[in-house]
Amino acid sequence: VYPFYLQQRKVSVFDVSTIIVIVVFLTFACSFLLIIPGIRGQARLYWTLRVLLSLVVGVVIVAVQFTGDWETGWVTANTSYKSFSHALVNVDIGVHVGLAGVNVTLMGNPVNQVNETIKDRGLPSPILYVAEKFTTQSPCNMHGQYRISSHYAPATLWVAFCTWLISNMLFSLPVLVYGGYMLLVTGAFMIFSLLSFSTVRNSLMCPMQFGTAILRTGYGGSFWLTLAIGLLCFVAGITVVVLHYFNLGLLKTFFDLHEDKGEEYQEMTEVYVNPRFVNKRL
């Protein structure tokens with residue numbers, strides 16, 4: 001979005017959308033924890049691990065699309081606070097780039113300087129300087145770079161969310177190996193989203209300089225969290241596929257699909273056959 005349009009203020013990392021997503025998935029987790037005592041034996045532990053890990057993957061895929069710390073940077077500098085003023089203030093300047101927009105932060109060291117409270121209101125010169133780098137009129141073209149990278153990253157994340165849903169459906173059916181394949185696809189699309197966002201750093205970036213200090217940005221918490229969950233999906237998917245071909249019994253036990261032989265024999269003793277329709281040699 002354009003930085004000069006009037007819009008509701010948002011915090012740099014968490015906003016209302018992120019909190020709503022987290023609350024929804026926490027509700028699912030709490031609902032499952034209420035029914036988990038009804039599962040008997042060792043299957044209770046397996047169900048808990050499967051459900052909680054699956055919810056963690058789902059909440060990360062959705063929540064990181066609304067966070068604002070895919071790329072962050074901070075710098076401490078002595079710079080002017082107002083236009084047409086030679087008074088210098090010591091401030092911490094931060095920029096937080098998310099998939100939905102950019103947030104610029106200014107904090108005074110200390111807060112009260114040059115008869116001003118440096119955090120409450122207004123558009124100080126450092127904030128305007130950084131915000132202008134992300135406008136369409138800026139020769140830096142940072143707006144175009146981030147707009148393209150932030151267009152494909154959410155698209156691939158939503159595809160990863162769909163494949164995550166499909167993997168859960170397949171795990172609920174006796175086709176575990178296909179659920180493992182879909183977990184691999186989920187991890188692949190999460191990595192694709194990271195690669196899409198990383199393309200912006202392959203081009204030259206305009207320096208954001210405040211005197212002798214330069215504001216440099218690096219990958220933030222949401223980027224590394226997405227990478228970690230993507231790798232977790234790869235590990236889980238590979239584990240399911242390997243167990244399917246080399247130790248299917250252990251895999252069925254973990255997914256509570258292992259049948260007890262004693263129960264099979266007991267069921268066979270309860271079968272009644274009409275001897276008129278059975279071959280005498282059998």
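Backbone N, Cα and C atoms are what each Cβ position is placed from, and that goes for glycine too.
Remember, it's a predicted structure, so these values are computed and weren't measured experimentally.
What TrEMBL annotates here:
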type     : residues : note
TRANSMEM : 12-35    : transmembrane segment
TRANSMEM : 47-67    : transmembrane segment
TRANSMEM : 87-106   : transmembrane segment
TRANSMEM : 152-171  : transmembrane segment
TRANSMEM : 177-200  : transmembrane segment
TRANSMEM : 221-246  : transmembrane segment
Highest-contact recorded stretch vs the transmembrane segment (47-67), from 12-35, 152-171, 177-200, CB pairs under 8 Å: 12-35
Most Cβ pairs under 8 Å with the transmembrane segment (152-171), selected from 12-35, 87-106, 177-200, 221-246: 177-200
Remote residues contacting the transmembrane segment (221-246) - C-beta distance under 8 A, at least 6 residues beyond either end: 13, 53, 56-57, 60-61, 64, 67, 69-72, 98, 157, 176-177, 179-184, 186-188, 190-191, 193-194, 197, 254
